[in-house]
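Engineer: When I checked Swiss-Prot for this same protein, it listed these features:
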COMPBIAS  104-113  compositional bias 'Basic residues'
COMPBIAS  347-364  compositional bias 'Polar residues'
DOMAIN    17-60  domain 'CUE'
REGION    67-139  region 'Disordered'
REGION    175-275  region 'Disordered'
REGION    311-569  region 'Disordered'
Amino acid sequence: MASEQSNPRLPRRPPYMAEKARATLKEAFPNTDDAIIRAVLAASGYKLEPAFNALLGLSDPQVAEEMEQAETSYAYDTAAHDDPVQRQLEEDERCARELANRYNSHRPERRRKTNNDRRNYPPQNRTAKPNDNDGDDYSFFEDDLPVIKDTFMRGFQSFKQRSMEWVENIASKFDGEEEDDDDEKYSAPSKIYPSPRRSTAATLESAYEERPPSLPRRKPSRPGTAITLPPYESDPHMLNEKDFERLRLESSSSPMMRRSSLNSNRRSVESSSSAAFVEGQSFILDSNGAIEVANSAFALDDSDLESAYNEELEMKKDTSKPTASTKEVVVEKKPDESRKQAARTLETVSEEQMGSSNAKSKVLTSEPKDSTSVEAEKTETDEPAVGKGASDVSDTAEISEKTEAKNADSEANLEEKSDVGEEKESKDENNKASLHKDVEEKDTKITNEDTGKTETDVKAKETDSIEANDKDEKTDSKETEDKVEETESKEADVKAKETDSIEVDDKEEKTDSKETADKVEQTDSKDTNEKPAKDDNKEANEKAEKVDSKDVKEKIEEAADLQNSGKET
């Protein structure tokens, strides 16, 4: 008894749901035994409603019969609903009723709309349909909309055909006007452009601005109309100064290749061949000796080149004897040095002509070709043509002497320049050596300064590290003192709790002893029921005492460890 009184009493546990249900059933059916109530609860899965119904059936047989009838009817209903065919029929019926309700709810609004539409718009001549007579089944989307769509498509197709015919008529008219313009252009070109002998770059640009060339004609879509090939390129454009800078004189195997190189390819070749002037063209010599084509506003097509070549062959066959009206002269072959000198003479001649005339450029026009010019082109000579006539050829000797003198002067100037360059190179080398020395001296100064800075930095870092260590030691000592104070306070708290727990245990033991004495005197029949509870209380008290003792020991050990660690620090 002393051990039982020493153990504290455990708190009461909250009742479970099963206990609550058992208590409610006991209140509802006080005459039934506890064993029956527990059995019914266990059979119903500890659910209150089915257990209540079962106990009610035990007490009242009429209620049991009613419950059986209700269960049989419910089972029949579930069996009927389980049939898939019956279920589908029921769902269809429900869906049909919902649709009928919706349709009937919107019927008056639909009738009002149809009546208003019929008042606003006049009656149309449309084919009668079976749905027109039924006022209730009338719908705009099913009856009127297809008719409107059909009429709209027919009107659109007719409009499309008319517009296509109108466009074709306009195109045919424009084709006829372009044919007339082409005929006028090829019949009388002198009205549009001036003669090649009097033409200049300014006049050509003004003529191009007044009437630019027409674009290439498109092929007609209908049979019967004339098909004409485009005489020019699809994208004509005016030539700039940059285009003329790349033009040079060259000698080629045929006049067709010469013309293609001058007009389309624009290849840059050494100016060492004779000037092959073509009929109808004019060339401009600028101050640099570069040749510009004055009337090459449009690029020639291959068909034009072939026609020109055929005309030259016919002229060659017709004319077998040379005439006196030629201005081109055939010059005998010379070595490579004579070619270069003759090429230089072109520049000198152009400068003299520019000085005499006080103009920026001089236009050299080519006369119609005779047999001598054709022979000159056929021989494929690489010698330059110095002038237009024999008088120009006689002056080439003097010009060549002048050029030789100029070349000698230029060589002397080059030698002087080479000497000056060597002197500059020697000066540059000396300057570089002095610069290298200055750079090395600066580097040595910088390295010395860096070493001094590094020493001062190392000293500063050492002092900083010492100060940081001192601060860390101070903070560690403060932390140890704080920990010791905390451990002391914890020990005091533990002692106070122990004393409080001892006093509480004494009080509880006294009260328990009094209560047990009263209970023993009052009820002897309850001893058998209270023995297992007391055993449970003893075990629980023993476990609680063990746990409390372990917790106290652990706290004491932790406090001792903290004290030891504080002493060590």
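Cβ from N, Cα, C; glycine included.
I would like each feature placed in context: is it buried or exposed, what are its neighbours, and how far apart are things?
Structural biologist: Long-range neighbours of the domain 'CUE' (17-60) within the same chain, counting only residues 6 or more positions beyond its ends whose Cβ lies under 8 Å from a Cβ of the stretch, are 67.
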Engineer: Summarise the model confidence on the domain 'CUE' (17-60) as a single mean pLDDT, whole number.
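Structural biologist: Mean pLDDT across the domain 'CUE' (17-60) comes out at 88.
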Engineer: In the domain 'CUE' (17-60), how many residues does DSSP assign to helix, to strand and to coil?
Structural biologist: 34 helix, 0 strand, 10 coil
